[in-house]
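Read through the structure below, which is laid out as structure tokens, and then see the notes.
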Amino acid sequence: MRRGNLALLCGLALLARPLCAQQPVRGVPRSEWAAYTGPTFACRDGSGSLPIAQLNDDYCDCTDGSDEPGTSACANTGGRFYCANKGFKPTYVRAGLVGDGICDCCDGTDEYARPGACTDTCIQAGEAARAVAAATLSSVLGGLQKAQQWEAEAATNTGKWDSEIAALKVSLIEKKAAADAIQVEKAAAELRESEARKEFLEKKAAEEAAKQAEEEAKAATAAGAGAEMPSGASVEDSGAVASDHDLSYPSVDHHPDEVGPEGEYPADDYIPPEGDAPYGDDPHLEDAEYRARYRDDYGEGGERFGGEDEDEHRPWSEGDDEPNLDDEPGDDEEGRGRRATWHEEDEHEAAQATETDEAAPKDPEAEALRTKHREAMDAIDDLERQMRELESKKTVDYGPNGRFEPLSRECYTSALGGEWNYEICPFKNAAQKGQSGGSTTIGNWEGFADDYKTLKFTNGQHCWNGPARSLTVSLECGAESEVLSVDEPEVCKYTMRFRTPAACTQAQADAAKTELDALAPERVHDEL
């Protein structure tokens with residue numbers, strides 16, 4: 001039956017109403033045609049009713065615009081026009097776009113008033129959309145399959161980590177026991193080494209003391225011989241002899257109570273050993289030899305003034321200011337020069353003592369045991385580090401069923417061109433890297449957000465006179481992990497789109513399949 005005759009029957013006889021129910025209503029999907037049958041139409045918002053003849057008459061009778069689904073008359077009420085788009089997928093456009101001279105529907109039905117003005121492109125659009133939908137479904141299914149593999153690996157890894165931790169604990173006990181045993185051997189060897197070194201140093205010190213005594217005796221003899229100057233000797237020569245005079249000997253000025261007649265020291269202060277030759281008549285020689293023996297008996301520091309009679313022999317009392325030897329009355333350049341020489345000699349002797357200690361022999365066994373113990377402790381440190389890493393992994397949130405854990409072992413860099421590259425290392429940090437070098441941390445791992453749809457990196461390096469940098473990563477499902485785009489919508493606040501299998505879910509796979517099914521030619525045919 002021709003469409004014109006069917007319309008005539010619907011208008012003339014109520015008996016034809018069942019047939020009218022199948023009449024297309026412009027701008028309305030087939031599933032809603034039944035609402036537009038009968039002699040009257042009731043506005044959907046309940047604002048009134050009108051004769052069916054006033055449907056799509058380009059006049060807005062209902063306040064919600066439901067009586068004008070196929071015209072632009074009710075554009076201000078939020079009305080919509082339905083595009084059937086045979087060969088593609090149905091869609092809606094705003095009522096205000098109907099009849100505006102622009103083809104918004106791929107089948108051109110929104111410009112019904114100008115037949116032929118629009119070319120039907122739905123077949124081509126449908127083919128392109130089906131290709132995209134098929135690729136999307138394939139990518140989602142591939143990503144979901146990999147995500148499920150990662151979940152299985154995560155379950156295996158958790159058990160593996162537990163086993164490794166248990167094995168490390170056993171190994172750690174063994175390593176510590178071995179290190180303790182080495183420590184005992186090392187301590188014994190080092191004790192033997194210490195005793196040998198002590199013996200060596202004592203022998204060395206005795207040799208040095210003997211050598212020093214010999215040198216001082218020679219110096220004293222030379223000083224005594226120089227006291228008898230020939231008649232042609234100069235004052236400078238006399239001063240030179242005086243400069244060699246050992247000023248560590250207590251002076252007459254400092255110890256007047258110990259000075260006898262004619263400035264001589266009392267004989268009872270020093271008793272020469274048996275067999276010593278008499279001093280002779282030379283006071284200089286006597287003084288030099290006295291000082292040499294004084295050092296041998298009392299030491300370089302002059303301990304003679306210590307002990308119970310210390311206060312009796314001190315040249316100043318406790319309450320007095322200590323005399324400044326660098327600024328004594330009558331001091332001259334020669335005297336200051338002698339004191340400088342003493343300081344240099346002290347420093348030299350200290351250096352020699354250090355060299356002597358370092359030159360002391362080291363026990364090869366002790367050295368070997370020290371090396372062995374150090375290696376044992378390094379092995380213990382390494383085992384403890386491995387245990388800490390494994391224990392830390394067990395506490396990290398790797399997403400549902402641990403599916404994001406493989407991302408923790410990789411870093412991903414943008415390959416988008418431009419001056420900067422951006423790198424994210426999930427569960428660690430993110431960085432901005434210049435093409436010519438240099439790197440800036442734009443965030444440290446904070447965690448997931450939005451039900452595992454977002455990664456958050458915060459507390460990066462501070463911007464100059466600004467906030468700390470941060471990065472928000474939006475996750476998208478895909479068969480491979482890759483950076484899709486990077487933006488900086490606010491100063492030092494970055495956003496990134498990142499595709500990864502870990503973001504794929506069964507719900508996304510179902511939605512992708514539904515989308516492809518909706519574009520199937522047979523489904524489109526059924527709808528129309």
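Cβ atoms are placed via backbone N, Cα and C, with glycine included.
Curation does not apply to TrEMBL; its annotations are automatic.
Here TrEMBL flags 1-21 as signal peptide.
The compositional bias 'Basic and acidic residues' feature in TrEMBL is assigned to 207-218 (among others).
Annotation source TrEMBL lists region 'Disordered' at 207-284 (among others).
Summarising the annotation, TrEMBL assigns compositional bias 'Low complexity' to 219-228.
Per TrEMBL, compositional bias 'Basic and acidic residues' is recorded for 243-258 (among others).
As annotated by TrEMBL, compositional bias 'Basic and acidic residues' applies to 297-317 (among others).
Taken from TrEMBL, the feature region 'Disordered' applies to 297-374 (among others).
According to TrEMBL, the feature compositional bias 'Acidic residues' maps to 318-334.
The compositional bias 'Basic and acidic residues' annotation in TrEMBL covers 335-345 (among others).
Packing against the compositional bias 'Basic and acidic residues' (359-374) from elsewhere in the chain are residues 179, 182-183, 185-186, 189-190, 192-193, 196-197, 200-201, 204: each is 6 or more residues past its ends and has a CB under 8 Å from a CB in it. As annotated by TrEMBL, compositional bias 'Basic and acidic residues' applies to 359-374 (among others).
Feature annotation from TrEMBL assigns domain 'MRH' to 409-506. Residues in the domain 'MRH' (409-506) partition by DSSP class (helix H, G, I; strand E, B; coil) as 5 helix, 57 strand, 36 coil.
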*the compositional bias 'Basic and acidic residues' (207-218): DSSP-derived helix, strand, coil residue counts*: 12 helix, 0 strand, 0 coil
*What is the average pLDDT across the domain 'MRH' (409-506)?*
94
